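Following: one structure in structure tokens, then a few remarks.
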Amino acid sequence: MILYPVLVHMYLELVYNGHTEKAISLMRTFGPEQDTYYQDDLKKLAIVTKREHMSGNELTDTFKSNQFIIRMSRDTLSLLKRHLNDKKASVLLNIIQEHLYFDMYEGVARNKSQIDATSGAVGGEAKRQDNKAKVYYGIPKAPDIQTLAAPVEEEEGEGADQDNPEKPKKKKAKKDPLFSKKTKSDPNAPPPDRIPAPDLKDNDKLEKVKAIREASRRVTLGPETLPSVCCYTLLNANHSVCCAEITEDSSMLAVGFNDSIVKVWSLVPQKLKALKSAQQLQEVNIEAEDLMVRIMNERTGEVSRTLAGHSGPVYSVSFSPDRTLLLSCSEDATIRLWSLQIWTCLVVYKGHLFPIWDVKFSPLGYYFATASHDRTARLWATDHYSPLRLFAGHFSDVDCVQFHPNSNYVATGSSDRRVCLWDCTTGNHVRLMTGHKAPIHSLAFSVCGRFLASSGADCRVLIWDLSHGHLVAELTGHEKAVHTLTFSRCGNILCSGGLDCCLKVWDFSKITEDISSEEVNVSHNPDVKTGEQYLLRDFATKSSPLINLHFTRRNLLLAVAAFDGTNP
């Protein structure tokens with residue numbers, strides 16, 4: 001555990017003091033003996049052979065300005081210090097005291113597999129203190145939409161006026177059994193007013209009613225009922241497609257290209273229409289129930305629309321929950337907010353100084369989060385030009401960002417191989433999770449909000465329990481980087497897709513069952529679940545790396561892939 005950081009600091013010390021040949025000899029002798037997941041960093045470090053090379057180097061800056069964290073039992077640490085004192089290894093002792101931080105715990109020392117499970121991050125492991133804050137991972141009770149959902153029927157008998165038969169009968173709302181089911185309040189849910197949320201408009205409420213009705217027809221997935229998959233393949237676009245996203249109701253697909261444009265397609269028979277002109281809108285009755293239909297110009301319907309405005313590749317796109325807005329982020333360090341009614345850019349948000357790799361709308365709408373090459377993630381609101389929160393703490397690029405289903409937290413994955421969970425109200429990190437051996441490309445929260453799945457260039461999918469910040473499962477089988485993850489709407493299935501042109505379906509309900517049957521040891525990570533036992537099925541595409549996965553409200557799996565003719 002301590003050999004890698006000690007080797008790095010010895011090497012940097014020799015380089016800093018001008019002993020280049022001795023530094024190179026040290027690296028050649030002991031570098032290959034280090035764990036495989038540190039080899040890439042050691043290769044980058046071997047390029048630094050002069051003092052001037054050290055300034056501005058991401059890796060050397062991280063080691064010089066931060067202590068490398070190692071979790072160790074009290075007994076092991078006392079044995080280590082006694083051994084070094086007996087050997088009079090003063091140089092090693094100085095490096096350990098100055099540059100290493102030991103997160104001590106009482107109890108049995110960990111075995112090699114337990115250490116390997118959480119090792120690999122640039123700055124070492126997470127301290128236990130990093131994962132002690134309370135996390136409200138539950139889902140708040142949904143607002144009551146019974147009144148909107150209920151059809152009205154005439155009241156008979158006692159409600160009618162017997163003396164005056166001409167008088168119209170009173171009407172009362174008929175209860176819909178679908179909406180009269182009482183949902184239990186989650187004890188782990190945040191208070192409803194913890195984060196300011198925009199008021200639901202009538203149109204949003206009607207959309208929720210429609211979503212609940214559709215969900216009632218949903219197929220519950222499991223080992224016996226695997227999802228059907230529909231794959232949208234982008235042709236002649238292998239080296240030009242950067243990202244793709246499908247709306248929550250599966251009606252539209254947006255794709256970002258490296259020539260700075262965003263293209264939006266309709267996935268349903270209804271075409272993409274634009275608003276009527278200002279003169280025509282004056283004639284529309286604003287009290288009409290179908291107002292949203294009336295304000296659209298039927299003659300302007302198109303199967304696809306193109307949005308141009310960025311001056312660099314578009315790395316991520318995200319639809320608002322009500323499907324009227326689209327966010328896009330780019331290499332040009334800006335985020336653009338597009339109207340999907342007038343098909344033009346409404347706002348350009350500036351704040352990041354370097355390329356922005358990811359953008360995501362909050363499940364509430366209104367808020368959105370971004371991840372950038374400047375090593376920060378930021379929380380924004382659509383009606384503010386500047387960010388509301390700045391999430392700083394990663395040692396390298398923040399590659400991906402994802403909102404928690406309750407919108408109170410934002411998760412980030414970075415090239416420093418760490419996953420962080422940030423509190424939107426305070427801006428502080430409340431969970432820090434290590435275990436990935438390469439940059440992280442994708443994040444997905446479970447439907448219940450307790451678990452987080454992450455994947456990246458190490459070809460693995462890791463499952464984290466947010467209640468303690470523990471790594472609970474490691475899913476292997478992909479041969480190349482995993483770029484997209486999604487949970488089924490029922491929460492029983494996890495799907496992953498990547499550059500190996502393969503889509504894998506995992507039994508997430510079995511993972512949670514196995515976890516709940518174990519006792520939790522808070523002092524250190526439990527044994528990590530691994531193996532092919534959780535893999536239910538894999539689907540191969542025809543030379544088409546997967547870009548995005550999405551479950552419809554009825555649990556049909558939609559995949560977006562780009563055909564690569566050069567792939568054998």
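Numbers run from 1 along the shown chain.
Including glycine, each Cβ sits where the backbone N, Cα and C put it.
Under the heading compositional bias 'Acidic residues', TrEMBL lists 152-163.
According to TrEMBL, the compositional bias 'Basic and acidic residues' annotation covers 175-185.
The domain 'TFIID subunit TAF5 NTD2' annotation in TrEMBL covers 2-100. DSSP places the residues of the domain 'TFIID subunit TAF5 NTD2' (2-100) in helix, strand and coil in these numbers: 74 helix, 7 strand, 18 coil.
The region 'Disordered' annotation in TrEMBL covers 152-205.
Positions annotated as repeat 'WD' by TrEMBL: 307-341 (among others). Along the repeat 'WD' (307-341), the predicted structure has mean pLDDT 95.
What TrEMBL records for 349-380 (among others) is repeat 'WD'. Note on the repeat 'WD' (349-380): residues 197-198, 312, 315-322, 325, 327-337, 386-392, 394-403, 405-407, 410, 412, 414, 422, 424, 427 of its chain, located 6 or more positions outside it, place their CB under 8 angstroms from a CB of the stretch.
Here TrEMBL flags 391-432 (among others) as repeat 'WD'. If you look at the repeat 'WD' (391-432), the same-chain residues 6 or more away from its ends with a CB under 8 A from one of its CBs are 58, 62, 66, 120-123, 126-127, 130-131, 133-140, 189-190, 194-195, 197, 357-364, 367, 369-373, 375-379, 438-445, 447, 449, 452, 454, 456, 462, 464, 466, 469.
The repeat 'WD' annotation in TrEMBL covers 433-474 (among others). Listed as Cβ neighbours of the repeat 'WD' (433-474) (distance under 8 Å, sequence separation of 6 or more from its ends, same chain) are residues 36-37, 40, 117-121, 124-126, 130-131, 135, 137-139, 188, 396-397, 399-406, 411-415, 417-421, 480-491, 494, 496, 498, 500, 506, 508, 511-512, 515, 520, 522, 525-526, 528-530, 534.
Marked as repeat 'WD' by TrEMBL: 475-509 (among others). Cβ atoms under 8 Å from those of the repeat 'WD' (475-509) belong to residues 215, 218, 220-223, 226-227, 229, 438, 441-448, 451, 453-457, 459-463, 530, 532, 534-555, 557, 559, 561, 564, 567 of the same chain, restricted to positions at least 6 beyond its ends.
Taking DSSP states H, G and I as helix and E and B as strand, the repeat 'WD' (391-432) has 0 helix, 24 strand, 18 coil.
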